[in-house]
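> Dumping what TrEMBL says about this protein:
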type    : residues                       : note
BINDING : CYS429, CYS432, CYS469, CYS472 : Zn(2+) 1 binding site
BINDING : CYS438, CYS441, CYS456, CYS459 : Zn(2+) 2 binding site
DOMAIN  : 204-370                        : domain 'Helicase ATP-binding'
DOMAIN  : 450-623                        : domain 'Helicase C-terminal'
Amino acid sequence: MPAVLRVALPVPLPSLFDYLPPATGQAVPGSRVLVPFGRGKAVGVVVDVAADSAIGKSRLKPAIQALDDAPLLDAELMRSLAWAADYWLGAPGEAYANALPLALREPRPLPDTRDETWALTVAGQSALDAGSRRGGSRDLLQALVAIPLAATELSERLPGWRTAARRLAPAGLIERVAARSVATAVTTAPALNDEQQAAVAAVASMLGQFQPFLLDGVTGSGKTEVYLALIAQALAQGRQALLLVPEIGLAPQTVRRLRERLGVPVEVLHSNLSEGDRARAWLRARNGEARVILGTRSAVFTPLPQAGILIVDEEHDGAYKQQDGFRYHARDLAVVRARALGVPVLLGSGTPSLESLANVVAGRYRGLHLRTRPGALRPPQVQIVDMRAQRLEHGLSPTLLSAVADTVARGEQVLVFKNRRGYAPVLLCYQCSWHADCPRCERPMTLHVGRRQLICHHCDHRAPVPTVCPSCGATELKPQGQGTERLEEALTAQFPTVPVLRIDRETTRRRDTFEQLLDGLRNDAPAILVGTQMLAKGHDLPNLTLVAIVGVDEGLLSVDFRAGERLAQTVVQVAGRAGRAAKPGRVLLQTHHPDHPLLRQLLAQGYAAAAQELLAERRLALLPPFSHQALLRAEAHQRGHVDAFLHAANAALPAGHPLQVAGPMPAPMPLRAGRHRGQLLLEGDSRSALHEVLRAWQSTLFALPAARRVRWSLDVDPVDLY
Ligand code: ADP
Ligand code: ZN
Ligand code: ZN
């Protein structure tokens with residue numbers, strides 16, 4: 001009697017789909033099958049094999065084809081995915097779709113994972129010498145001059161190299177060669193200090209068992225050395241290591257450090273890889289060829305058949321939370337996978353999240369600390385600049401400008417931090433107080449002078465900059481407030497002989513330009529860096545001795561209960577850039593609220609104390625992590641549709657449920673990109689009480705007629721309420 005295959009298909013529906021087994025081949029849990037779906041076909045993952053189907057076997061269609069001889073997803077990954085889909089209320093198919101690289105969701109044989117290495121031919125060398133190739137082709141020839149390179153390395157250095165390879169290979173200018181011998185370690189570890197040794201020993205004693213650790217140490221305190229030592233120990237035991245970083249911008253230096261130190265293949269997994277490369281990297285991890293896997297959020301789904309340790313760097317970073325589709329949190333999923341794999345998981349940060357700190361207090365995570373910074377003289381001096389008493393020059397106070405002048409005069413570098421792109425956040429008419437609003441969001445549009453555009457930072461709507469006021473015809477339109485572009489202009493005018501470098505999403509469109517811009521900085525010359533959050537981490541800048549933080553006040557006034565935590569993290573991260581090497585650093589924090597208790601405490605007692613205070617406030621207010629939230633969001637072109645859905649959803653909550661409900665209410669941004677937005681916030685004292693309600697409620701939501709007229713989503717543990 002044939003069994004029933006329960007299959008996850010990549011559709012946003014909360015159910016699995018039942019099929020009869022294919023005529024030939026084995027379809028076991030974890031393997032892929034091609035099935036008829038709607039009018040076409042789809043590739044799904046067999047989640048379960050059941051004896052019967054609720055639909056009735058006679059009505060089931062057979063699967064067309066089994067695509068794998070053996071499970072592609074192993075038992076642990078299947079279990080962890082099932083857990084994740086249940087916890088974050090993802091459609092099962094979406095969870096599997098996140099786990100499998102796109103190229104593996106096609107009904108094709110698995111790609112070849114052997115190392116693909118390319119070399120320059122003699123003809124290629126002559127072509128390069130003769131200068132007969134330009135652009136991407138020239139870049140590729142140039143990259144191969146010294147030594148042959150593996151495809152993975154080429155993808156990191158030259159994202160578009162495959163296009164060039166398709167031209168150059170048929171012309172005989174480059175060729176595929178046998179893989180280079182495996183990398184060998186070329187650097188040796190420094191002698192670890194006592195705290196580093198204690199941290200390594202604590203985690204190493206748990207290799208082979210599940211235990212989460214929180215490693216608390218500011219940037220430069222030597223966390224990465226702790227990771228490297230632990231990865232080396234896992235490798236020595238014949239095991240694999242997974243290291244997650246929040247942004248790919250942080251990866252290149254880390255990859256270099258891992259490869260040079262460990263002498264094993266390091267696989268890099270992130271969303272900028274081509275689909276083919278991504279699939280190959282994933283498969284190499286699965287068959288154990290990849291020993292160390294470094295990646296961003298989605299790399300948490302990498303198969304780790306020989307896992308030894310999982311590490312999450314900068315664990316507080318919001319980038320670990322996926323904000324659309326399947327809304328999982330990679331840090332939390334890493335902990336869940338570590339438990340399933342029976343291995344330790346190490347979360348590292350200089351500014352740990354309140355959630356993780358609370359887990360240490362509760363005894364679920366073990367706390368480890370690095371308090372000294374190897375090589376640094378002393379922590380930077382932080383000083384508050386009261387803006388109220390000063391005449392500002394494009395938002396910069398005289399105190400700040402004179403500190404910048406002193407620093408560059410000494411031949412040192414300055415970082416001016418402002419978390420706002422563009423020239424000015426508002427364009428205002430001085431006659432009638434009209435200002436340029438986005439028609440689709442009803443929020444001010446940001447003036448971008450270089451691009452001569454007004455741009456909405458919420459929906460990317462663009463408009464030309466008016467020369468006269470559209471409302472009263474006056475010609476006095478003035479930019480209000482400052483963004484990085486305006487600060488760059490003001491600082492260039494003030495310091496005409498010093499290079500001013502702006503680093504934000506606008507100046508670093510290509511993913512390697514960030515590195516290149518910073519690489520171009522000389523360590524012995526003055527410079528001024530102006531930039532956003534991007535400058536808060538990565539890349540050691542030994543000649544940077546002054547950090548000027550301009551405008552964190554938005555964070556002090558925000559209604560979001562996490563704003564204080566984020567502000568403290570940002571201030572500490574950015575401040576940590578000052579005086580990292582042998583030179584002492586100084587930090588100026590310019591604010592209209594010099595007496596704000598959070599700022600005061602942060603500066604007087606540091607992040608750990610401020611975080612404990614914030615945690616105490618959360619406990620009193622019964623906010624996460626002392627309660628558990630889920631947010632139902634809805635949006636539609638008509639406000640009435642949003643309201644109708646949210647009211648129906650509210651009414652569909654089971655009678656007598658134990659949750660607190662806020663709403664239905666408009667979202668903090670009630671209109672975005674022309675859509676009205678609303679939400680309903682559910683809060684429970686216990687996670688299980690919340691989830692018990694959510695599971696049943698979610699399926700009723702799918703069935704609501706009003707749900708068909710809105711876009712809606714459920715977000716468990718939302719990190720921002722927008
Ligand atoms: P983090 O990851 O916390 O930012 P790193 O591990 O990158 O810190 O260390 C910062 C710098 O200090 C690096 O250049 C690193 O090589 C160096 N370093 C770390 N630990 C030691 C040590 N025990 N002895 C000497 N140098 C060290
Ligand atoms: Zn006007
Ligand atoms: Zn807009």
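Positions of Cβ are set from backbone N, Cα and C atoms, glycine also.
Whatever TrEMBL says is automated annotation, not expert-curated.
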> Specify the count of other C-beta atoms within 10 Å of the C-beta of CYS438 (Zn(2+) 2 binding site).
24
> When the Cβ positions of the binding-site residues CYS432, CYS438, CYS441 are compared with the atoms of ligand 3, which fall under 6 Å?
CYS438, CYS441
> Around the Zn(2+) 1 site recorded as CYS429, CYS432, CYS469, CYS472, what other same-chain residues have a C-beta within 8 angstroms of the site's C-beta center?
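Output for this site, in sequence order: TYR430, GLN431, SER433, TRP434, PRO470, SER471, GLY473, ALA474, GLU476, LEU477.
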> Which state, by DSSP, holds CYS441 (Zn(2+) 2 binding site): helix, strand or coil?
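In three-state terms, CYS441 (Zn(2+) 2 binding site) counts as coil.
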> Reduced to three states, what secondary structure does DSSP give CYS469 (Zn(2+) 1 binding site)?
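Reduced to three states, the DSSP call for CYS469 (Zn(2+) 1 binding site) is coil.
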> To the nearest whole angstrom, state the Cα distance for the pair CYS438 (Zn(2+) 2 binding site) and CYS429 (Zn(2+) 1 binding site).
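It is 16 Å, counting Cα to Cα.
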> Counting other Cβ atoms within 10 Å of each residue's Cβ, which of the binding-site residues CYS459, CYS469, CYS472 comes out lowest?
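Result for the binding-site residues CYS459, CYS469, CYS472: minimum number of other Cβ atoms within 10 Å at CYS472.
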> Check the binding-site residues CYS429, CYS432, CYS459, CYS472 for any whose Cβ is under 6 angstroms from an atom of ligand 2, and report them in sequence order.
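Cβ under 6 Å from ligand 2: CYS429, CYS432, CYS472.
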> What is the set of residues, excluding CYS438, CYS441, CYS456, CYS459, whose C-beta falls within 8 angstroms of the centroid of the C-beta atoms at the Zn(2+) 2 site?
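Leaving out the recorded residues gives PRO439, ARG440, GLU442, ARG443, MET445, HIS457, HIS458, ASP460, HIS461, ARG672, ALA673.
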> What are the non-local neighbours of CYS441 (Zn(2+) 2 binding site), defined as same-chain residues 6+ apart in sequence with CB under 8 A from its CB?
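For CYS441 (Zn(2+) 2 binding site), the qualifying residues are CYS456, HIS458, CYS459, HIS461, MET669, LEU671, ARG672, ALA673, GLY674.
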> What mean pLDDT does the predicted model reach across the domain 'Helicase C-terminal' (450-623)?
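Across the domain 'Helicase C-terminal' (450-623), the average pLDDT comes out at 86.
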> Might you list, by sequence position, any residue in that chain lying six or more from CYS429 (Zn(2+) 1 binding site) with a Cβ less than 8 Å away from its Cβ?
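Sequence-distant Cβ neighbours: HIS435, CYS469, SER471, CYS472, ALA474, GLU476, LEU477, LYS478.
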